[in-house]
Structures are given as structure tokens and as C-alpha cells.
Amino acid sequence: MRECISIHIGQAGIQVGNACWELYCLEHGIQPDGQMPGDKTVGGGDDAFNTFFSETGAGKHVPRAVFVDLEPTVIDEVRTGAYRQLFHPEQLISGKEDAANNFARGHYTIGKEIVDLCLDRIRKLSDNCTGLQGFLVFNAVGGGTGSGLGSLLLERLSVDYGKKSKLGFTVYPSPQVSTSVVEPYNSVLSTHSLLEHTDVSILLDNEAIYDICRRSLDIERPTYTNLNRLVSQVISSLTASLRFDGALNVDVNEFQTNLVPYPRIHFMLSSYAPVISAEKAYHEQLSVAEITNSAFEPSSMMAKCDPRHGKYMACCLMYRGDVVPKDVNAAVATIKTKRTIQFVDWCPTGFKCGINYQPPGVVPGGDLAKVQRAVCMISNSTSVVEVFSRIDHKFDLMYAKRAFVHWYVGEGMEEGEFSEAREDLAALEKDYEEVGAEFDDGEDGDEGDEY
């Protein structure tokens, strides 16, 4: 089997994780207590969904997941929620005091007390796998736990499981909406380690997802639950080919191979279509061509940046439901003729497609309509750099005055780490610039030494 272990860190990671596991259970017909009436082979490990669930002798299905937070309130919601019987109590790890939005607390003082316990639990999960293929890491980089403990865990995973791929689902700070003043610091410090220790990072941003909920689902005041259910559809589409059988299956390592041209350029945009409410879906015929087009709409992107300002390097389309390869090829051919969707000149083909026959599931009482087919797009576009330059700008404004820095230094960080991380991000912005540049400038000479 090719198992995946999910690691959910901090409030964002845990709440997105809740939405994901709820959706996985619905898609596989697993009840909240872990029983699966449709599964005839008790304890048999060869079903496709066993990549994400392990089976006990009693026929209970347990998620291969760890939830970690430095304070108990968010994890207590899992411990008392509808799916409390699904998770093994050892998989829910919570500390006593939180990271207080401080990267240094999550990474150095408080985080290092809990990280060995987490690694121990992850080790137990991985011993339970026959062929672990990688980790899915869910966190946000604006807070303290997601950024600090998240980076610490990723660094330790690189040491313990060097060759295994790590896929990150990372919530980045939004341009207008902010949950804490020191978001720019935490984001820059933690992106510094994401650059080194994740193989593919999929950027999400609350504001972009708010706008999608408002525009496409007519929810006037979206809550985190609305956002997370939308995010979980994307993640479910990505992992569908690991959990079900399909025509063109895609492995976690395949994302990496097809989307990452250079090791540092691994921050992806994602979009999902159709995002449509039940009353509208009734009146629309959502053909493959239509959903493919809307996946490329700038307004469908789940991070606030405009792909028309950059060029695509590669793009991965994961279809699910009633889709045949012929329609996909036709839709992709149409996309290629569009002038607004530009690819870099050194990557002429640029599309990887996957098809999965399992139609998208929906949470009962959720906002999304039940549809016959859906597509999720993960793309590597140079426009992602907008996300970083925005954060860098805010970082510079604060750091010029050394505002709030004493909180970090007081927890055992050195000021040098700020400038080191900031330089790394400046280099990343430069990398994106060079990748998007045309080849005729003869720039490729100096890139040869770098990689």
C-alpha cells in the first residue's frame, strides 16, 4: 500500500483537518464511530482507502492522522465533536499554554517540549504502514503554533524521513483581513523553513476563499466552517486518486515531478470548480469545458493573486465524476488557445490531467451542491510571488522599526534569524522573476551553477 500520514498543526490545521476527515468519511461510507458497513473484508488492508485509514481487527477504521496544538481548546472540539470516536485519543496531542501568535514560542520554547511526543506518535503511525509514501501537513503561517511548531516538525521530519515527500497545505495571511499584528513576522520566518523542508506547498488564503463563498455560494457572512468545507473539497480532489481507483491515477510524488521545475519554486495556486449552490446547480449544465474554464478564472484562485500577472509553469487538473478523457483533451485544447492563459516559453505542454470516477461528495447541510463532475486545479504560476512580496513589504515596515521584535528575542531567538529569513524570501522573489523571464536575455548561463 502507499499510505499517507496527515499532520494537522495549530488551529487552522486542525479545523481544515476536521472538514477533510468529515468529507473522507462521507465519501467512503465510514460512520462517525469508524465502522464501515460497506467494507466486507474486515482487517483486509488492500482497499484503496487504506492509504488514509488503517483498519483494526474489530473492523474500525482509524484515520492515519495526528492533530497537534499547543493549547487544548481547538483539539477539545475534536475530542467532544461528532467524530470523537473516529480518532485514537493518542492522535490528538495538545499542550497546556499556547504559542501566543509568536513563532519563537512555537519553534523554540513551548514547541520543543511537545515535538518529541508528536514524532513518537508519527513514528507509531508510520510503523503501521507497509509503504509510506509521504506526509500531508496542514498549517497556517500567520499564527504561532502553525508557523513555529509547523516548521519545527517539518525540519524534524526531514531528518527522520529524508526521502518521503511532504505536501503542505498552508494558509497564508490575507491582504486585507488580518488575525494578528505579527503575521508578517511569523509568515516570513516559517516560509524560510517551508522553502527547505516541503516538496510542494499549496497556498490558501482566507480572504480569497471568503470572496468565493460570497460570490458563488451567496453566503453573506461566511464562517470558518464554510471556508474549510470548500478547502476540504480541494484536498479531497487531490487525494481522491490515492483513495479510489480511477482511469488516470496520480500519486503524491507525481505532483512533485510534474509541478516543480526547480526545488525552490514549489508554491502552488489551487482552484476548484464548480463552486455552486444547490438552487443554482439545478438550472445549469456543468460540462467539462465549462468547469475547466472556471477553474482558470482568476476569481476562482484560493490565494489572492492574479494569474494574469504571471505565467504558468505547470498545471495539474484533477477531474472527478462523470468525465471521459476525450472531453478533457478538448477542454485543455481550448484553454491552450486562450491568450489570457500564458505559459512560460520553456514549458510548452504544461498540463497533467487525472481522472477519477468517484463523483465529488458533499457534506449534508453544507453549502455546495451535489454535482456530477468537478475539477480541481493545482498550478505553478509565477504570480504566486505577489503573495510573498505583499508579506515582505509588511515585514519591512515593521522590522525597520524593530517593532514587536523583543517578544521573539525574549523567547530565545536571535535578530539575525529575521534578516536571514527575509533575505531568503528576497532570493525567492528573485527566483520567480528569473523563471518568468524570457530566455532570449541569455540569463540561463548563471542559473546553471545554482541548481
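Cβ coordinates come from backbone N, Cα and C, glycine included.
Per Swiss-Prot, active site is recorded for Glu254. Just so you know, the Cβ of Glu254 (active site) picks up 15 other Cβ atoms within 10 Å once every protein chain is counted.
The GTP binding site feature in Swiss-Prot is assigned to Gln11, Glu71, Gly144, Thr145, Thr179, Asn206, Asn228; the stated evidence is similarity to another entry. Using a 10 Å Cβ-Cβ cutoff, Thr145 (GTP binding site) registers 34 neighbours.
For Glu71 (GTP binding site), the same-chain residues 6+ apart in sequence whose C-beta sits under 8 angstroms from its C-beta are Ser94, Gly95, Lys96, Glu97, Asp98, Ala99, Thr145. According to Swiss-Prot, the feature Mg(2+) binding site maps to Glu71.
Taken residue by residue with DSSP, Lys40 (N6-acetyllysine) is part of neither helix nor strand, so it is coil. Cβ-based neighbour count (10 Å, all protein chains) for Lys40 (N6-acetyllysine) stands at 8. For Lys40, the entry in Swiss-Prot reads N6-acetyllysine.
Per Swiss-Prot, site 'Involved in polymerization' is recorded for Tyr451.
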I want to verify one value. Collapsing DSSP to three states, which class is Thr179 (GTP binding site)?
coil
Output, ordered by sequence, the same-chain residues six or more apart from Gly144 (GTP binding site) with a CB under 8 Å from its CB, or 'none'.
Gly10, Leu70, Asp98, Ala99, Ala100, Asn101, Asn102, Phe103, Arg105, Gly106, Asn186
Taking Gln11, Glu71, Gly144, Thr145, Thr179, Asn206, Asn228 as the record's GTP-binding set, what's the max Cα pairwise distance in Å, rounded to a whole number?
22
Taking only the Cα atoms, work out how far Lys40 (N6-acetyllysine) lies from Glu254 (active site), in Å, as a whole number.
31
What is the separation, in Å, between the Cα atoms of Asn228 (GTP binding site) and Glu254 (active site)?
25
